[in-house]
Amino acid sequence: MSTLTSNRIKPFRKTITVPGDKSISHRAIMFGSIAEGITTIEGFLPGADCLSTIACFEKLGVQVERTSATSVRVVGKSINGLRQPASILDVGNSGTTIRLMMGILAGASFSSTLVGDSSIGKRPMDRVVNPLRQMGAVIDGKEDGRYTPLTIEGSFLQGITYQSPVSSAQVKSAILLAGLSASGTTTVLEPAVSRDHTERMLSAFGVQVNRQFNEASIKGEQQLSATHVTVPGDISSAAFFLAAALMVPSSMITIEKVGLNPTRTGIIDVFRAMGAEVTVDEQQESSGEPIGSITITSDGLKRIEIGGELIPRLIDEIPIIAVVATQAKGKTIIRDAAELKVKETNRISTTANELRKLGAQIEETEDGLIIEGPTPLQGGICDSHGDHRIGMAMAIAGLATEEAVVVNGADAIQVSFPGFYELLKQL
Ligand SMILES: O=C(O)C1=C[C@@H](OP(=O)(O)O)[C@@H](O)[C@H](O)C1
Ligand SMILES: C=C(OP(=O)(O)O)C(=O)O
């Protein structure tokens, strides 16, 4: 188990880039694999999760060539050209990999088995299994398909209209991808719009996706055509460095070439509402995704209340928002975020428990957190609990402490942000 150490640094002014977006990198490999023709990807995230996606599609007979650390060439097979894997498909730590693949494999012409690590083994899969079964999918798994391992017997699917009880891009994407092999039209409605990378990228691959408000539909039996994908920097990774500039007063940071998809930019709205000065400059678009730079600085932060439709737009940023809230004046309240309980860890508990070790005043609620600030943080020994975002959040908390913060289990950070510690040291 690797360890990382951070502590107080001097105010800084920096311009950086962060590795490629994880959600978009997964989808570029998957859609490239089920397209016709050769897809080229630049800015790909070589994080453990996306490497799991590559390994799974290689087992399905797809040729995936890493032409550089961040460039990939995928020789598309189309959905019908995928072949039965010779062994179990291992998704590692990646919820996105397993849930989206279930949608693709449900309509295949063979059977396959999916497993992951111990964290994946605790995450609910019935949220995808149930709607897929309504489409005619044949899926078997532990506790009637609630948990891995899952075995999927490829079968004929029919389109459905599904009202999802949760705002989850993984659920929505799995159903839409199954809809590609289904007869008729498949429609997903969700309580509030979740990240829409699937809808945007399917369009870039030539698939017609109809969207209005919280609804997305797709007609079955459409073929994807290969394309070139430029992956923007991951705003969820950028969030840790935006937060770093807020944890070290009088600092300023610019993050260049980062994704600015409005379904992901809740973090910008939150930091602005807390009193930070944030400048966003949208410069280009690739595969339907806006890309640009974000600059942030502040001279004092205030409390905020976060809930409702904002939550899906910043779901992965809540641990780092909690860290920043310890330095904001007043009581920050985060609600409607029960989804955090079914991530790599129960992030409501892990965020609260780890921050408490540093002296934070933070309380867990049924669906969120309450944080009192400003509270001076002190050094201590924290643990990622195998959760990349918890590991990085605690490392950033350390930037405000006199004594060192030691983060055990820092190797988990490889899941989404290879090079995180090296970049942190540059500050
Ligand atoms: O579709 C995706 O790429 C993701 C969707 C989100 O999960 P949910 O769909 O479970 O909300 C997010 O937390 C995860 O990091 C990536
Ligand atoms: C929840 C996450 O990812 P996944 O669901 O793909 O494991 C995350 O990256 O924070």
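One-based numbering along the chain as shown.
Placed from the backbone N, Cα and C atoms, the Cβ positions cover glycine too.
Curation plays no part in TrEMBL annotations; they are all automatic predictions.
Among the features that TrEMBL reports, active site, proton acceptor is placed at ASP316. According to TrEMBL, the feature 3-phosphoshikimate binding site maps to LYS22, SER23, ARG27, SER168, GLN170, ASP316, LYS343. Residues or ranges marked as phosphoenolpyruvate binding site by TrEMBL: LYS22, GLY95, ARG123, GLN170, ARG347, ARG389. Positions annotated as domain 'Enolpyruvate transferase' by TrEMBL: 9-422.
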Same chain, 6+ residues apart, C-beta under 8 Å of the C-beta of ARG389 (phosphoenolpyruvate binding site), given in sequence order: SER236, ASP316, PRO319, ILE320, LYS343, GLU344, ARG347, SER416
Between GLY95 (phosphoenolpyruvate binding site) and SER23 (3-phosphoshikimate binding site): CA-CA distance (Å): 11
Recorded positions close to ligand 2 - of SER23, ARG27, ARG123, ASP316, LYS343, only those whose C-beta is under 6 Å away: ASP316, LYS343
In sequence order, the binding-site residues (LYS22, ARG27, SER168, GLN170) whose C-alpha falls within 10 A of GLY95 (phosphoenolpyruvate binding site): GLN170
Residues that sit under 8 angstroms from ARG27 (3-phosphoshikimate binding site) by C-beta distance, when 6+ apart in the chain: LEU100, SER173, HIS197, THR198, MET201
Local Cβ density at LYS343 (3-phosphoshikimate binding site) - other Cβ atoms counted within 10 Å: 20
Position of peak Cβ density within 10 Å, selected from the binding-site residues SER23, SER168, GLN170: SER23
Where the C-beta lies under 6 angstroms from ligand 1, the matching binding-site residues among ARG27, ARG123, GLN170, ARG389: GLN170
Set of same-chain residues at least 6 away whose C-beta sits under 8 angstroms from LYS22 (3-phosphoshikimate binding site): LEU45, GLY47, ASP49, CYS50, THR96, ASP234, SER236, SER237, SER416
